[in-house]
Every structure is written in structure tokens, then in C-alpha cells.
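Novice: The following feature annotations were taken from TrEMBL:
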- 1-12: compositional bias 'Pro residues' (COMPBIAS)
- 42-77: compositional bias 'Polar residues' (COMPBIAS)
- 88-103: compositional bias 'Low complexity' (COMPBIAS)
- 125-142: compositional bias 'Low complexity' (COMPBIAS)
- 185-202: compositional bias 'Low complexity' (COMPBIAS)
- 233-251: compositional bias 'Pro residues' (COMPBIAS)
- 362-400: domain 'Zinc finger Sec23/Sec24-type' (DOMAIN)
- 439-682: domain 'Sec23/Sec24 trunk' (DOMAIN)
- 689-771: domain 'Sec23/Sec24 beta-sandwich' (DOMAIN)
- 784-883: domain 'Sec23/Sec24 helical' (DOMAIN)
- 905-973: domain 'Gelsolin-like' (DOMAIN)
- 1-264: region 'Disordered' (REGION)
């Protein structure tokens, strides 16, 4: 099972906290069932009248939602190929006994009183009415915590309310104050509830607006059918259920019942995304002005570049920077930028224009070397210009001079992209090239593993059959008829095989290098060739490779010598390049870079866990630096059946700007199509080589940290062997002086690179930010999605140096301080029991909880070490859009008529409460995709889509959807195709039947629910954050 979210196993909590998550006590498991991963436990979060968050731990309840036995046997510990998950491999530790499932937690309803609280107007907050004093706790639970003024404390037992009358949502609590709402619960016995040691949270409310908060609660007396999560009935006395043992604990009468917080009353990502789409999806976002906050990354909108960079290229955690370092330290909102310099623009938006400045090169500031941009101001009739970064005055070159109009603007402003656009490019001169020499076009080298495992898996035969057609789509400039990229091929196992593909040959020639300790390239002319000229030789080679190695028995592999050979090849050709490496197993061959299995699962959840994700040595780091020096990027396509040490070999991709693709237990019939589509995207996408990125800032701030798939030899220049249109880099800024509010802040990002045609260019992105002295202005301009992207990358980057528990603790602490400072400095005075969230950051708790539960940083025995290392590599290069989806997956109900403009069903909250037995759902997070099929789905739909009579007869090992000529089949395939088209990698479609053996893994991605091993639900985590905020403010 997954470990508790708060602390790893065998490690206690910090002093002063409870033994469970963040001060919540661990709940005893009810006897009679084992809880599968991803299924919320029976201990649902409850809310009593006094405002305290409590846990009610019932026994094995009888509810109206009966759970039939599992439809298949136990899940094997060694996952077979058909059940391998996309991206990572599920390794469950147990299988729930047949027919024993945890009770449904949907039997608790909530009704919120409309009575004013504390003399305030009708609240916009999500509140609960006060309760009468509670009973003292049962002996054995420990001493009670300090009781707040509201009378909060332990609630030792659960007391059932009177039975409701028909049509009522709940009943007033006997003895409670007027307007106190009761609740309903399904019949069944119960055990005593356990109260977490938390201060009483009186009238806990959530304010979603910075200035006002009006979200009126539903009026009392609504029919039960209109209230979410209410089940008619009430529980009998303890022990009254059939087959249940009487509770050994007394059940004194309680003055007020516990009440469960309604998750639907919490801030919803789905609602925020939909509201932003409706309000800003139709507008044209013009970048003219300072500190403009763009629409969310989930909203489709059109950008018009009017002097500042498009949010496609640069997004900020806040577009209104704090004026002083003290202000920044107080609020702890990071000043950081998510930069995607080569982002692909949608249709309708003009790409950055290319400017040829001539032999003298681009115009620059004489002091800070910033490049000409729209924010530079011209003086003295245009003879001089002032830098916006350092305020230095520079003479205008004679050949660049032009007159000024009555507004002191150059008359040729709109004829020069560098004077009117936020993003543009300059053609670089020899001064910007290596050795003052223009570069050659880059090369693609394909290195194919031909060991026994590779041949047996079938990927070699599939690759050689498809690669010839994929090479027709090598990247090229828009005005080129054919690509300038050269190609070369290597096969390898314990030795290396090079191929002469000279166009004068009728057949390729193989050259073998067996001395892998001192590797070299045996030929120069004929290894890297022009595709058009050597087409016939390349096709002959691809035909022969599967035949040449079909009878191989070689199982040992080398890795590092192959990379060393590729470095020598591009060095000899004096060009940049990319190495596509197709690899199957741990490199145990006697050669440099030899690795051994170090996957010690006993370290998971301990302070030494971080060593599992640190490289075994610095050998591969040094090799990656050699690759960067020669501008060789490495993409890894991995096909492992066992441990392969991604933490070590993955450095080759991470530091060179490459990418890792992983296919566990590869089978050509199931995974082949996904693999080929991934490879096609990787070959065809826009990419540049031998790049250097530098961020320049105006006075008062400076860049201090760069996070992503990159390498740095100094503190200012980011060296990238290659960077493609999908890669993102995060830059953190810090104060070095006070910033003048009237001048704002300015950032210029310069990317020097070699294009696929071999031309040296310089791409500029400029962004103008506001500066504030008031906290309200800062919080009003924050973007939570960018903040979460920063936190995720920061956490992964520290994962090899700091224990996971410490990282999680720091994340929670920073978020709590941010929200507490908003409450202290911005929000109007209100009851301490209110949880007030800034409008732009009201989704911070739910997203942070998703990050804390994510497999990349959450200690778990259910996920292999390689899979977690793989996820960490992915996060480092993800942009804001990808991390938003990765941490909060989309849950799409298919059998409904409501769709968005693209014909995709509208998403619902990512919770089990939204699942319906007669519905079909797609869940996708950019890495994995699930198709969940309820047991009561219309058999006609199943027949039309799968050709089966019932859900039980569906073949769940399908690698892709079957094609049938009917509307149901076409609609499903169209939705899946549209979802796949919007992602940077192909997601494996896993079919999950309700209550099938894979359903716990599917529920693992329902991030608003409580996770396996005690991971907090959204509601629980929100309550815990409220406690942390109150502690900070007390």
C-alpha cells in the first residue's frame, strides 16, 4: 500500500504533532476487509457543530450502495505485460479478499444553515453551525488538546439524530441552537469516532474573493434529492447490524451530531477553469502594458503581441513584483518565470519575425549588453537611446538612426520588429559562433539495441520497418524543400557496429568496434550522410538489421561507450546533433559506465531514500557535460522488464536537453503504435541546437536559479545541447535592491541557437512587470498554475539532496505562510474560524495536496524506483500546462451530451463521488489514460464499442480501440484522438471495469479523495492547512 502522506513508514512525526498526517491520528482499520489502494477509507472527514474537524470511524457499515465481489483474481506482484501502466508500473502489495470492500462514504450529507453567524451578513463562506458542548474523550485516545473558545474538543462517540421525515435534508440538532442543521446517514452499526488533536475550528468558512465573499448556502428544507451526498436513513445503535460484534465502547448521548464537510462546497478547479474559459476565452489578449495577467493555461485564447512577450513563451508566478526583499520574504510568494522559448504557436498567431541586422550585428546597450527592444527610449532626436535595464545612454549607430515623431517614438517603429514586438529574432554574425565559424547543419544518430531482449520484444523489427517513412519528416525550415539534417546508424550489444552509408555504395558496410574501453569511430566519410542521396543504402540497412541479429544470444549491454562514440562523430563532423538511443536493460557489460542493481526497496520511506534517486557516481554527469560541449542531445527510448537505473543513465538526457520515453514490458501488438507515434513526434517537432540562454533583468532583481533539463558552467548562462518546442525552463528571481514602483521591472530572455538549417540566430523575449508596495496588489496578480510548476520542479531538483519528508514539510510550510500573510495583510478582519483564500490562489490547497500525493515525491512501495525517477525527469521539462494536468487529471464523462467547443465532454471533479455505475469515464493526466466502464452501462454501447455482450467480456488488454462503423465507436475514438493530439507524448489507454482488479490503480488518480496509506483527501488537507494558518497567526 502507499505510505501515509505525512511521514514515511518507520519514522515518527515532528515533535508536537500527532502520529498521522500533519497532526491527525492514525485511524485503526476496521476488521473484516483490507482496503485497496485508491479507495477512500471508511474514516471519512466529518464536521461537528462546534466547527471542529473530526474523523468518524464507523465499523463495517451497511449502506445502500452495495459492493459486489471482485470480478477477477488477485493481482500478481510481477505485473505482466498486458497490465503494464503507461509511464510507470503498478506493483500492488496485496489484493482485497473476495467480496470484502470498504463501505461507501457517500452516506453523509451536509446542510448549511442560512442563519447569520456572529452578526455578519449572510455569509459567502462555507460554514457549519455551532454545537453544544461535547463529551470528554474515551480513555485510551490520549489527553485532549487545548479547547478553543468555541467549545471544540474530542467527540468520543457518535450519536444518531432522529429519523428524518420524508423530503427533508436533515433535522435540527436536539438541544442545539436554532438553525443548526442535522444530516442523514445510511443505516449500519458504528464504532466510536476519533477526533484529531486540532484546535477547534469555529464556523470554518472559506472566502474565495479578496474583497467580498458571497456564495449563499442552500436554504433549509431542500428535498433530500437536491442535496449532494445525502442518503435517507440513520444508523442504528452500535452492534445492531447483522453479523456485527457489539461495540466495546460506551455510547453516551451527544448534544450534536458530527457533520461532514461537503467537498462540492470547496473551491473547485473545474469551476475555476470553466469560469475563466467563459470570461476570457473569447477575448484577444493584447500584451501592451505592464503586469498584465493572462488567461489560465487551460483557456484557449488568441494573443496579439504588442510589445511584451506572449504568455505562450513566458508566464510568471506573479505579474506584480514586491518592491522590497522584506516584502518578498514576508509573503513568500516566489518571483519566478516559466520560460518556453521555442513554444509552438497556435494557428492565427504570428511567429517571431526574423531580423537581419547586417554585418555589425544586433544593436545592444553598451553597459549591460541588453538587446534593442520596444522598452528602450530614444532621446536627442533619435541620436541616443536609453537602456530599460541599466538606464545607460548609448549612441545610436549611424546606419540605425531614424527621426522621432511628436510622441518621441521612432517613425520606423512599426517597420522594425525589435521596436514593436515582444518576441523576435536576429540573424547572428560570426561573433556569435563557435571559433568564429558558421555552423554546419545538425545530424541525427540512431543507436539501436540488438541484444537478445531487444530482438525478443519485437521493437527492433517494428522500428526498422517504420523508420524509413519517419525519416521523410525530419525537421526543416519553412522555405526548405528537404531537410538539411544528416543521419547515421549504430547497432550495439556488448560491442558497437557502425555502418558506412555512402551514396556510392549499393549495400551498407558494417564496421565492428569491440574495444569498448577505448572506443572510436572507424570511419568519417559515410557515417553521417544526406538522407536524399543515400536513401537506397539506408533502406537496405533497415531491412537487414532484424535479419542479422535475429538469432543473437547476447544479453549483456554497454551504454556509455555508445554515447562516447556519438560525441566523437559529431565532433569530427563539426556539427551539433541528437542521439536517439533505443535501450532495453541495465548496462552490465564490462565497459566504462558499468552499473549494478542498487534498487534497495528497504530504503523507501527513510532518510536514505534520496540515495535511490541520486546517480550511482558522477561518471554519467561528466559524460553529459561532454555531450553539451559538443552540442549532442540524447533522447532515450527505454524498454525495460526490470530495474535499469534511470536515476543514473537519465542524467544523459536531463543535462543535454533530451527526453526519456519508457515502455514497461513492451509488446509490439499493444505498445507498438504508441511507441511509433512518440518517435514520430520526437523526430518531427521543432528543435534547435547548441543553444545558450541568458536572462537579463532591470535594476533591483536578478536571476539566481535555473531549473529544467539543462546544464550550467557558470551562474548566468544556461547551456543547452538542444531545446525543442515542448521544453520549459524555470527561472527564479531575487532582490538585490529596492525596485522603484513607478518604473516597474523588466526581464529580457535571450536564446542563442543553431537552426536545423545550420543558421546561427538569436531569439529575444521581453516581458514588462509591475511593482507594488501593497500585498493586495501582489496577491491579485498571482498565477497558481505557474507557482505549482515552480514548486514541483524545485522539489524534484532537491529530491537527490534532501529527504522526501523534509521536502513535503517545506512545501506545506511555504503554502501556509503565503495564505496566512494574505489573511494578515489583505483580508478584512473576521472570525479566526474563517479560512480566507485569495481569489487568484484559492486552488492552492487542492493543487498542493495533489503534488504531495504525487508518485514523484510521495514515498510508496507500490511504484518502482525507476518509475519514480522517470516521473521526476518528466516534471523537470514540463511546462505549466503539462504540470496542471499531471497533478490534477481530467475526468470526462462520455455518456453525456454536454461538450466544449472541441467536442470533448466537460470535465467533472476528480473524485469517486462523481463516478456512476451507468456511466463511462475517461481519466487522463498527460502520461496515463484510463477508460473506466461502470457495471450498469448500456449493453448496446458496449456492443457498439467493444463488440462484447457485457462489460465482463471486454478485452482489457487492447492496445487501442477497435474500429466499428457506428456513432458510439466513432465518438469515443474521436475524443481519444483529440486528447492524444493535445499531448506531447502518447498516453497508453488502459481499460478498467468497475470493481475489477485494476480499479484501485485507477482510483489512485482520483486526487480529491483520500489516497491509500492515509494520504489526505482535499477536504482533510484544507482543514489541516487552516490549522497551520491559525497557528501562524496566533
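Every residue, even glycine, has its Cβ placed from backbone N, Cα and C.
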Novice: Is the number of Cβ-Cβ pairs under 8 Å between the domain 'Sec23/Sec24 helical' (784-883) and the domain 'Sec23/Sec24 trunk' (439-682) three or more, considering only pairs separated by 6 or more positions?
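Specialist: Yes, the domain 'Sec23/Sec24 helical' (784-883) contacts the domain 'Sec23/Sec24 trunk' (439-682).
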Novice: What are the DSSP helix, strand and coil residue counts for the domain 'Zinc finger Sec23/Sec24-type' (362-400)?
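Specialist: Tallied per class, the domain 'Zinc finger Sec23/Sec24-type' (362-400) gives 6 helix, 11 strand, 22 coil.
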Novice: Looking only at residues six or more beyond either end of the domain 'Zinc finger Sec23/Sec24-type' (362-400), which have a C-beta under 8 A from one in the stretch?
Specialist: 307-308, 355, 408-410, 418-422, 426, 696-699, 746, 748, 750, 762, 764, 766, 768
Novice: Counting each residue once, how many in the domain 'Sec23/Sec24 helical' (784-883) are helix, strand and coil under DSSP?
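Specialist: So the counts come to 67 helix, 5 strand, 28 coil.
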Novice: Per DSSP, how many helix, strand and coil residues does the domain 'Sec23/Sec24 beta-sandwich' (689-771) have?
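Specialist: Helix, strand, coil within the domain 'Sec23/Sec24 beta-sandwich' (689-771): 0 helix, 54 strand, 29 coil.
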Novice: Please work out the mean pLDDT for the residues of the domain 'Zinc finger Sec23/Sec24-type' (362-400).
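Specialist: Summarising the domain 'Zinc finger Sec23/Sec24-type' (362-400) by its mean pLDDT gives 96.
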